[in-house]
C-alpha cells in the first residue's frame, strides 16, 4: 500500500468510458486544436514591434516561451495524464485544494474562455467590413455576429473530430502564406535590422500584454483529455509539437518582416503583416494573409468553444454542476455546455476589444495561480501517484519552475486598470456565491447531481493516503 497513491484510471481513453463509443481525437487534430487554443497564427503580434522594436520583439518570442509557455505546457502534460478526463484543470485543483476551489477554478476559466470567444466573431467581421461596409455597425453587424456564432456553434455540436480536422485545414491555410512571405523576403533581408532597439522608447505594458496574450492558454486542452485517443501518450506529444509550431509560427514571419522592410514602428499595428505581404509578394499574397486572418478567428472560436463546453461536461461528471450538463448529443458532444457557452459569447459580444482582453487576462491569471498551487501540492502530497508523463524535475525544481510565471502573473495583474479590476473581482465573487447555492440546490434535490461511475474518486484516494500516513 502507498506505492501507487492517487486516483487510478483504468484504461481511460481506451474503452472504459461511455464517451468511448464516439470517435476519439488523434495527434494531428489535437496539435492544431492546441495551436488554435494558444495562437491561431502570427496575427496580433505586430504590436510587439511597435511597443519595443525588432530586437526586443524577437527576444520576447524566444525567451517568453521558457518563462511561461514551456512551464505551463509541462504542467498540462503531467496533470493532464495524471487526470485524463474532461474536467481538466478543475479536477487538478479539486484534487489538491478541495471542491470549493475546484469550482472557482472552473468558474473563472470558463468565464475567461467565453470572454475570449466573444472576440472572434467581432474580429472576423472587422476583417470583412472593408469590403462590406454595412458590417461595420448597426443591425447588420448584430445579425452577422449572431449568424456566425450559430454556424460555428453548430460545427461544435456535430463532433470534436470534425472540429479537429477543420482546425487542421484552417491551420495549414493560415500558415502557408507566411511561408511564401518568408521566401519572398530572403533577397531583401538585412540582419542588422533585427538588432534595432531603443530602451528609452519602450511601452512595457503593451509589450508584455502582447507576449502574454499570444503565448498562454496551453492548459485549455486539458478539458478535452477524455475525448483524446490514448491521452497518456497523445497529450504530451501533441503539446510538444504544438509548442514548436506556435513559436516558429511567430518567429518566422517576425524575422521576415523586420529584416526585409525598413523599420517604421508606428506602422506595426494589427494587420500590418498583410501590408508586408503586399510589399514582398504582391496583392495576391496580401489577400491570402487577410483571408487567413479572418479564418483564423473561426479556428480559435471552435477550439475555444470545444474546451469551454467539455469543461462544463467534466464538471457535471464530477458532481459540481447539475447532471443535465453531462448529457451528450447523438454526436457525443456536450449539448447543454455548447448552448451555455454560445449564449455567453452572444451576451458579451458588445464589449470592446480592450475590455475583453483585460478582463480575460485578469481572470485567467487567478486561475493559473490555483493551477500552480495544485501542481506543487500534489507533487508533495502524492509523490507516487501514477503520472504517465512526469516533469523531469524534483519537487524543489518544480517550485522554482513556477516562480517566474507567478511573478509574471503579478505584473499582469498590477497593469490592470481599476475598472477591469473591479469587474473581475465582482465576477470572482459571483463564483464564491454560486458554489454554495448549487450545493443548497443539490441538498434540497431541486436538481439532480451525480458523479460518473466511470471516474475514480480522488477524495477517497486522499483519505486512504491520510490513513496510511497515520498508520506509518
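Quick reminder: no glycine exception, Cβ is built from N, Cα and C everywhere.
A TrEMBL annotation is a machine prediction, not a hand-curated record.
The feature transmembrane segment, as given by TrEMBL for the ranges 3-24, 113-134, 135-156, sits at 135-156.
Among the ranges 302-321, 422-441, the stretch that TrEMBL annotates as transmembrane segment is 422-441. As a quick check, the transmembrane segment (27-45) and the transmembrane segment (239-263) clear the bar of 3 or more Cβ pairs under 8 A, pairs 6 or more apart, so the two touch.
Take the transmembrane segment (331-350) and the stretches 87-104, 135-156, 239-263: counting Cβ pairs under 8 Å, 135-156 has the most. Counting C-beta pairs under 8 angstroms (sequence separation of 6 or more), the transmembrane segment (356-376) fails to reach the transmembrane segment (162-186), with fewer than 3 such pairs.
Recorded stretches compared: 51-75, 87-104, 162-186, 239-263, 397-416; the one with the most Cβ pairs under 8 Å to the transmembrane segment (422-441) is 87-104. With respect to Cβ pairs under 8 Å, the transmembrane segment (239-263) is most closely packed against 51-75, considering the stretches 51-75, 162-186, 397-416.
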